[in-house]
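Taken verbatim from TrEMBL:
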BINDING   CYS14, CYS50, CYS82  [4Fe-4S] cluster 1 binding site
BINDING   CYS155, CYS159, CYS162  [4Fe-4S] cluster 2 binding site
DOMAIN    5-119  domain 'MTTase N-terminal'
DOMAIN    141-368  domain 'Radical SAM core'
DOMAIN    371-432  domain 'TRAM'
Amino acid sequence: MSAPHSFHVKSFGCQMNVYDGQRMAELLEADGLTAAADADAADLVVLNTCHIREKAAEKVYSDIGRLKREDGSSPMIAVAGCVAQAEGAEIPRRARAVDIVVGPQAYHRLPALVAAAARGESAIDTDMPAESKFAALPGRRRVGPSAFLTVQEGCDKFCTYCVVPYTRGAEISRPFAAVLDEAKALADTGAREISLLGQNVNAWGDGDRGLHDLIEAIALIPSIARIRYTTSHPNDMAEGLIAAHRDVEKLMPFLHLPVQSGSDRVLKAMNRSHDAAAYLRLIERVRAARPDIAISGDFIVGFPGETEAEFAQTLALVEAVGHAQAFSFKYSPRPGTPAATMADQLPAAVMDERLQRLQALLNAQQHAFNRASVGRRTEVLIERTGKLPGQKLGKSPWLQSVHLQTEAAIGDIVAVDIVTAGPNSVGGAEVVKAAA
Ligand code: SAH
Ligand code: SF4
Ligand code: F3S
């Protein structure tokens, strides 16, 4: 196979994978390759995969099949991300078209792997090297008005259903100075909003510093107007971080704080190490600091042994919290995790039915949150153009999608009255400044 000149990166899964995909693209460009418009036009296709649920993990194999071209040829294919880490050398055995396998902690070595594959050598790297990949990555290029920045990676929590501790490795925090430098570099490329990412982002620390110190430091960068962070774990929600929601104006009033279940028995079996009451108390404290904060979460239905009464406790917790948005999933047994071999795996039909009921409730809460915001005067960060002439799409401080008519440019922040509410977005009217 000859050395590729162009590439295309396709990312699945969480925001950290999106970030990793951008970093791999920057790395390949620094190595002299050019970005192709799509997979069909690329000599090298990187599938940046997710292993969190069975469906996500299986998707990679159908995607590999689809990369085959009409003349029977296929591009150089690299499988990156969490499936690469979990399945390693098994991937090219199962899908012979795959040339490169690279795990999430080794992707700074991608150019060397591409060169090896071009020479016809084996190119599999699922090491979790002691050196940080971040130090080996090139500078940031323009990524749009809202930028992701990984500050913490890996997980030591070992929830019994979850593959992340195995695919991403142990918890590490990037140094304060390195993160701040990257935030400034992103600001220089035109970013207005920075979302700090980590599997347990609120566990970030460097010496005495906690996540709120990092947020305060980034808030001092003049052109950065908005700061967000995700995903947080209830047990790492420090007092200082809660206070930052009251004190740091640029920290947006939004908190994604997964709880997974409202049943203490299930939470214990999940190894979540907090109960439902502790979660509700935490939400109360956060709301005391920032009354208008939008709460988001993740839920799993049909964990092994979950009874109807235990599921009803999840519905009750959802009622008690009142979400602005949330993600909910059917439990998916993952190879190598303790829950996969627990007794009482539930039938798919039971999970389907519970998921429908939970999603109906969460959707109703999201719609209610959107309706309650009608009449608010707020600010919208313009992120892209809409489908209608003159229409732009952006985000409210509460992470609602807002559509509006405006002449404002991508990256501008405009004053808006929220005037309509749908289930998944709200409509805004730009506040016209009175003529002087
Ligand atoms: N570190 C984050 C996110 C982990 S993955 C956290 O702890 O919140 C994102 C979500 O996927 C999880 O919050 C959980 O709701 C869901 N998830 C993880 N493993 C799963 C599994 N085996 N089956 C179904 N959903 C799962
Ligand atoms: Fe997975 Fe739990 Fe870690 Fe989140 S905290 S990444 S759900 S093991
Ligand atoms: Fe998926 Fe890995 Fe993210 S399993 S959710 S891509 S950490």
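Glycine is treated like the rest: Cβ placed from N, Cα and C.
Remember, TrEMBL labels are computer predictions, not curated facts.
The structure, with features from TrEMBL marked on it.
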{"residue": "CYS14", "record": "[4Fe-4S] cluster 1 binding site", "Cβ contacts under 8 Å, 6 or more apart": "CYS50, ILE52, THR231"}
{"residue": "CYS82", "record": "[4Fe-4S] cluster 1 binding site", "Cβ contacts under 8 Å, 6 or more apart": "GLY13, ASN17, THR49, CYS50, HIS51, ILE52, PRO104, VAL163, VAL164, THR167, ARG168"}
{"residue": "CYS155", "record": "[4Fe-4S] cluster 2 binding site", "Cβ contacts under 8 Å, 6 or more apart": "CYS162, VAL164, PRO165, ARG168, ALA170, GLU171, GLN199, ASN200"}
{"residue": "CYS159", "record": "[4Fe-4S] cluster 2 binding site", "Cβ contacts under 8 Å, 6 or more apart": "GLN260, MET270, ASN271, ARG272"}
Per DSSP (three-state), CYS82 ([4Fe-4S] cluster 1 binding site) is helix
How many helix, strand and coil residues does the domain 'TRAM' (371-432) contain under DSSP?
2 helix, 33 strand, 27 coil
Where does CYS14 ([4Fe-4S] cluster 1 binding site) sit in DSSP terms: helix, strand, or coil?
coil
List those of the binding-site residues CYS14, CYS50, CYS155, CYS159, CYS162 whose Cβ lies under 6 Å from any atom of ligand 3, in sequence order, or write none if there are none.
CYS14, CYS50
Near ligand 2, meaning Cβ under 6 Å from any of its atoms: which of the binding-site residues CYS14, CYS50, CYS82, CYS155 fit that description?
CYS155
Centre the Cβ atoms of CYS155, CYS159, CYS162, go out 8 Å, and tell me which other residues of that chain have a Cβ in range of the [4Fe-4S] cluster 2 site.
LYS157, PHE158, TYR161, VAL163, VAL164, PRO165, GLN199
For ligand 1, pick out the binding-site residues CYS50, CYS82, CYS162 that have a CB under 6 angstroms away from one of its atoms.
CYS162
Around the Cβ of CYS50 ([4Fe-4S] cluster 1 binding site), the count of other Cβ atoms that are within 10 Å
21
Going by DSSP assignments with H, G and I as helix and E and B as strand, what are the residue counts for the domain 'MTTase N-terminal' (5-119)?
56 helix, 24 strand, 35 coil
For the domain 'TRAM' (371-432), would you mind checking the mean pLDDT of the predicted model?
97
